[in-house]
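The structure under discussion appears below in the form of structure tokens.
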Amino acid sequence: MGEKDIPRNLKEEEEEEEENQSEETKSLISSLPSDIDCSGTKLYKYQGCWYDKDILQAILNFNKNFQPQETDIIVASFPKSGTTWLKALTFALAQRSKHTSDNHPLLTHNPHELVPYLELDLYLKSSKPDLTKLPSSSPRLFSTHMSFDALKVPLKESPCKIVYVCRNVKDVLVSLWCFENSMSGENNLSLEALFESLCSGVNLCGPLWENVLGYWRGSLEDPKHVLFLRYEELKTEPRVQIKRLAEFLDCPFTKEEEDSGGVDKILELCSLRNLSGLEINKTGSLSEGVSFKSFFRKGEVGDWKSYMTPEMENKIDMIVEEKLQGSGLKL
């Protein structure tokens, strides 16, 4: 799709243009493949992945209007793959020269406030959001769950950095299930229903393997600008991975920082234990009412074993192996 084909949300446009543009948007949406997910939401397939109507419009807004800066950093992931943790780590690393440990923004703000979503926040609320009021500047920090193909539409040849984190599919499933039910306040969504949805690929931002593969291939083709991280490696070798992340972001730790415990200080600040214990994350919420505490659960590797049957394990393992065949990637 070329730039001239991308429709715009015209709330801020001239009255006479609004009607035509909204028809263009409707026309695009009606031309896309659609399906219903396990929650009853109608999804549309765009650039390889599924989105609801509002998120799709936000992605189109982003594709049309986003102006990248050379120093931009974008944290990307499939939902419930370690996004909150990676946002905290990336913010702490990239902004560490501006904040001391005593007055650090992570002590009084949730990571999702400090690293806003492009399609779930900024471009969902406005077709042309004011990006001069971001919590971070030079570098600006953003996040996304959209596919790599959708993300790179406005980036073109921009040298901005993209950091992607993937996680074991079975742990993603259980974490997503717990999160969805905590959002509703009821246990209306069964694990079995979400499991079948994930296996079919018809779920928000899915298919999971397409989301992961896009960024995996991007990291192989352009390792200078796309970094592919694994949640499990962040858990087992955090010091190695955070130093790798700092190098990628062009803000490596100095010898003085390492000698003075700078690496461990950031790891402690951003640990799920520390973040979940902060008052802001116990009692605060996003503007749309999502409680901050819903973003923190166990964060353990292998927690899926307490929930999934051997049959579910075998089925999803076979699907993932088939979908990733020949890519060189294992989840």
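Don't overthink the numbers, they just go from 1 along the chain as shown.
Cβ coordinates are placed from backbone N, Cα and C, and glycine is handled just like the others.
Lifted from Swiss-Prot, the feature list:
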type	residues	note
ACT_SITE	His145	active site, proton acceptor
BINDING	Lys80, Ser81, Gly82, Thr83, Thr84, Trp85, Arg167, Ser175, Tyr231, Arg297, Lys298, Gly299	3'-phosphoadenylyl sulfate binding site
COMPBIAS	1-11	compositional bias 'Basic and acidic residues'
COMPBIAS	12-22	compositional bias 'Acidic residues'
REGION	1-31	region 'Disordered'
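Location within the structure of each feature annotated in Swiss-Prot.
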residue	record	Cβ contacts under 8 Å, 6 or more apart
Lys80	3'-phosphoadenylyl sulfate binding site	Arg167, Val172, Ser175, Leu176, Phe179
His145	active site, proton acceptor	Ala76, Ser77, Phe78, Pro79, Thr83, Tyr117, Glu119, Leu120, Leu204, Cys205, Asn211
Tyr231	3'-phosphoadenylyl sulfate binding site	Ser81, Gly82, Trp85, Val165, Cys166, Arg167, Asn168, Asp171, Val301
Lys298	3'-phosphoadenylyl sulfate binding site	none
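In the three-state DSSP scheme, Tyr231 (3'-phosphoadenylyl sulfate binding site) falls into the helix class.
Cβ-based neighbour count (10 Å, all protein chains) for Arg167 (3'-phosphoadenylyl sulfate binding site) stands at 24.
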